[in-house]
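As given in TrEMBL:
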DOMAIN    11-89  domain 'DED'
DOMAIN    106-181  domain 'DED'
DOMAIN    275-397  domain 'Caspase family p20'
DOMAIN    422-509  domain 'Caspase family p10'
């Protein structure tokens with residue numbers, strides 16, 4: 001089995017190398033541009049060959065031996081159709097699966113298509129028109145470089161292509177057709193997605209109720225008579241019997257925003273405010289008898305990821321038990337919570353069952369920490385999600401003095417600690433989530449250079465899955481799988497994280513405009 005896996009991996013890497021060797025400089029530049037929504041720009045800037053891009057895609061789990069479709073899509077987009085056969089695809093096969101598995105956004109496709117139609121003469125004219133917005137002495141080798149610069153400067157986004165419309169109208173009005181097609185399809189896609197959801201055949205009363213709620217919320221039956229919408233509501237199926245095709249796009253454009261807001265309210269916590277919320281990071285490194293090497297790596301990564309997710313991050317280092325409690329009391333009374341959507345607290349320390357240590361080696365109950373933010377104690381956060389991530393041992397295993405350490409102090413073998421069930425560590429009221437690095441009674445491993453298994457997996461999965469629209473519980477399930485696969489250098493130690501929650505709705509981070517930080 002192991003030899004077979006090695007053979008598959010070798011063959012896969014040979015395929016990638018062969019494809020890379022058949023791509024010229026212009027192809028590599030096109031691949032970089034098409035991957036800008038998938039990979040961090042700082043990583044892409046260091047790319048020298050197509051093989052470098054393939055490595056980045058594999059690290060981010062977009063590409064592997066079992067699933068090569070993204071690469072097939074990229075080759076299809078840059079019209080390298082002859083290379084598709086090396087992946088077992090044809091042009092027609094890729095076209096058939098694009099609707100289901102395509103990863104390059106319509107926005108990125110539109111920009112690339114536009115760049116393909118901009119001649120050298122047009123490019124010179126565009127640069128002349130934009131000279132006041134471009135850096136001085138800036139030389140533009142290609143249209144893709146110009147588009148990339150406009151995006152970096154915030155002058156061009158998927159929701160604002162006005163600058164392109166202005167220059168194209170002057171330089172070549174024919175180019176406007178590509179932009180207009182993108183804008184029209186953008187509106188149609190939003191509307192059709194929700195129309196398909198609302199009226200697809202589904203069994204059950206809840207779908208019928210949802211449809212009725214949407215329609216009656218408009219409070220204008222005459223409007224629907226005007227559009228001649230006739231609905232057939234049935235217990236088993238909900239379908240549109242008659243809707244004039246010529247009027248569908250106008251109807252959907254008018255109400256697509258409403259559909260989004262309505263369904264968001266029904267299924268998930270409100271996360272669309274101008275300020276997402278505060279994120280506290282407590283990083284206890286230096287204890288009287290030990291040092292948690294590698295913890296600063298965790299704290300830095302958490303700060304980068306949660307800042308990327310739109311939170312206002314505050315980091316505190318080496319707090320005693322008293323300082324931790326004082327900090328909780330301070331943040332409990334912060335009035336600015338009322339203008340935020342959520343609250344997150346990450347604690348990196350040593351610990352025992354149901355508690356974490358301050359740097360003075362005194363325990364603080366996790367239940368006491370979380371209870372500062374109940375609706376009664378912190379009314380500004382009432383009905384808002386409160387997330388706590390705890391990286392600390394919950395048992396008395398001896399710390400290993402190798403590359404892997406444990407986040408627990410050297411135990412006193414003369415006494416046994418009483419265990420605290422995880423359910424007792426969070427308040428009984430709603431809207432709390434507690435993510436523990438390990439199950440009760442066990443150690444949590446930490447690499448002295450790379451950080452802890454749990455926090456590194458958490459940061460990695462947030463960056464991978466938030467852009468895909470996954471909710472926090474789905475993400476934590478993937479974190480569990482990641483950590484569970486890891487083993488200590490000796491091959492004898494493993495770890496299993498454990499979440500507990502009283503969330504009432506899905507918690508979904510809005511997808512950031514910027515690519516993930518790492």
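Glycine is no exception: its Cβ is also placed from the backbone N, Cα and C atoms.
Since we're looking at a predicted model, the values are computed, not measured.
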Open item on the list: Mean pLDDT across the domain 'Caspase family p20' (275-397), rounded to an integer, is what?
Closed with: 92
Task: For the domain 'Caspase family p20' (275-397), residues assigned helix / strand / coil by DSSP - done: 42 helix, 36 strand, 45 coil
Open item on the list: Please count the residues of the domain 'DED' (106-181) that DSSP assigns to helix (H, G, I), strand (E, B) and coil.
Closed with: 51 helix, 2 strand, 23 coil
